[in-house]
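Pulled from TrEMBL:
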DOMAIN    108-288  domain 'Malic enzyme N-terminal'
ACT_SITE  Tyr131  active site, proton donor
BINDING   Arg184  (S)-malate binding site
ACT_SITE  Lys202  active site, proton acceptor
BINDING   Glu273, Asp274, Asp297  divalent metal cation binding site
DOMAIN    298-473  domain 'Malic enzyme NAD-binding'
Amino acid sequence: MWRNIARSAAASCLRRSRRFSTAIPGPCIVHKRGADILHDPWFNKDTGFPLTERDRLGLRGLLPPRVISFEHQYARFMESYRSLEKNTLGQPDSVVSLAKWRILNRLHDRNETLYYRVLIDNIKDFAPIIYTPTVGLVCQNYSGLFRRPRGMYFSAKDKGEMMSMIYNWPAHQVDMIVITDGSRILGLGDLGVQGIGIPIGKLDMYVAAAGINPQRILPIMLDVGTNNQRLLEDRLYLGLRQPRLEGEEYLSVVDELMEAIFTRWPKAIVQFEDFQMKWAFETLQRYRKKFCMFNDDIQGTAGVALAGLLGTVRAQGRPLTDFVNQKIVVVGAGSAGIGVLNMAAQAVSRVAGNTGASPNHQFYLLDKDGLITKERKNIDPAAAPFAKGPGEIEGLREGASLLEVVKKVKPHVLLGLSGVGGVFNEEVGIPLVCFYIFLKHIKKSEIDFIYLDLHAIVLVVDERCDLVCLYLI
């Protein structure tokens, strides 16, 4: 049922607005000729150039004589994609996913107009290929998969040159930039320069799902080294072969890059993506009041989660003021988990009308070592505001398991934001790995509210269920 809702809603949105996302107003002036056009994915139409354009642009003789329409090209690509699906049946999921990514990537390299049309029309099928979960596999193997550069690469070796380098990007106007340093790619850890797959995939999603002009996006990889020994020993690795920069040396490189970006494009939005937690919070505080930027792991995830949390209150027929009484358990003390808690705490403060510090008594934070309390040694400063004191957790100890916390606290909301496997099981509630299966088999009469988004699914079942579950994709 929910799949049909999502499909019809997406199709309706595409019909209303998406068709204009890649439109170029007025005639397109092309300053290239001949083979240069065919090698430029922005202007290349493959066999779609009519004879008049072939004459004007010096393309006669460089293409087969038959002119094939855009619609025919579209149908031919989709036929090739479906054939790939049939030919890879029974093969390992990783092999199939990479094969699908390759065929889409080849189209992206050759004909961007056709690529984005295919992506927009088939976003439900292709989103898992160009972004999670396949993008993680792509990043792990990126050095071997690399064929053609996409985006920009800045490294620690470029210090002092970034202001001139930024003008090497051919687009005169850039609206959206996604940047990563590769230090914490998804739940895979430090992947160094191979993390460029994340900004590329995320921006493609913005084009297809949010209508951003694809000619005004820029994925950036900031390579400051890697602490991944496997990559340092890999003869195919494309990044700097040195340990990661730390401290002021690291920050000075990021400072220079940010100054370069906003000198050329002062109105651009810069999104920080998949930075390890210590630098995620540090850079957010360092730049948020000076530049138009945000951290997706801290603020983006938190914004979607808060929308879901407030939506669940309304879905249960309660006033928003009841949100202050919701007991929330968060599993995962990384940038996403703490970001969600910070935003939830701000929301509680506003709803309650408090002007001082946000009340955190109803928030419970767990990491791989269990419940975080003030007895924890070397507690991270970002997690400290949510650490429970001895008087707040009667019956629960430092490091208590998720099952113990759920049984004792009886939370209204459980959020899974951890990259550690095996935390959730059937005793806790709905295991995240079985969430889609659960949705498929639940009876329609038992569903009060389903919130669908590209980032999250929030499910609220009827009053007989004591637990509201939110699963961030």
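Keep in mind that glycine also has a Cβ here, set from the backbone N, Cα and C atoms.
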**Prompt:** Given the model, what does the mean pLDDT over the domain 'Malic enzyme NAD-binding' (298-473) come out as?
**Reply:** 70
**Complete:** Taking the centre of the Cβ atoms of Glu273, Asp274, Asp297 as the divalent metal cation site, the remaining residues of that chain with Cβ inside 8 Å are Thr180, Arg184, Ile198, Phe272, Phe275, Ala280, Asn295, Asp296, Ser335
**Item:** Pairwise Cα distance for Asp297 (divalent metal cation binding site)/Arg184 ((S)-malate binding site) [Å, integer]
**Value:** 11
**Request:** Have a look around Glu273 (divalent metal cation binding site) and count the other CB atoms within 10 A of its CB, chains all included.
**Result:** 24
**Request:** Check the Cα-Cα distances from the residue listed as '(S)-malate binding site' to the recorded positions Tyr131, Lys202, Glu273, Asp274 and tell me which is shortest.
**Result:** Asp274
**Request:** Looking only at C-alpha atoms, tell me how far Asp274 (divalent metal cation binding site) is from the residue listed as 'active site, proton donor', rounded to the nearest Å.
**Result:** 13
**Asked** Around Lys202 (active site, proton acceptor), how many other CB atoms lie within 10 A of its CB?
**Response** 23
**Fill in**
One finds that other Cβ atoms within 10 Å of the Cβ of Asp274 (divalent metal cation binding site) number exactly 25
**Message:** At a 10 Å cut-off from the C-beta of Asp297 (divalent metal cation binding site), count the other C-beta atoms across all protein chains.
**Reply:** 26
**Rounded Cα-Cα span from Glu273 (divalent metal cation binding site) to the residue listed as 'active site, proton donor', Å** = 13
**Complete:** Rounded Cα distance, in Å, between Glu273 (divalent metal cation binding site) and Lys202 (active site, proton acceptor) is 9
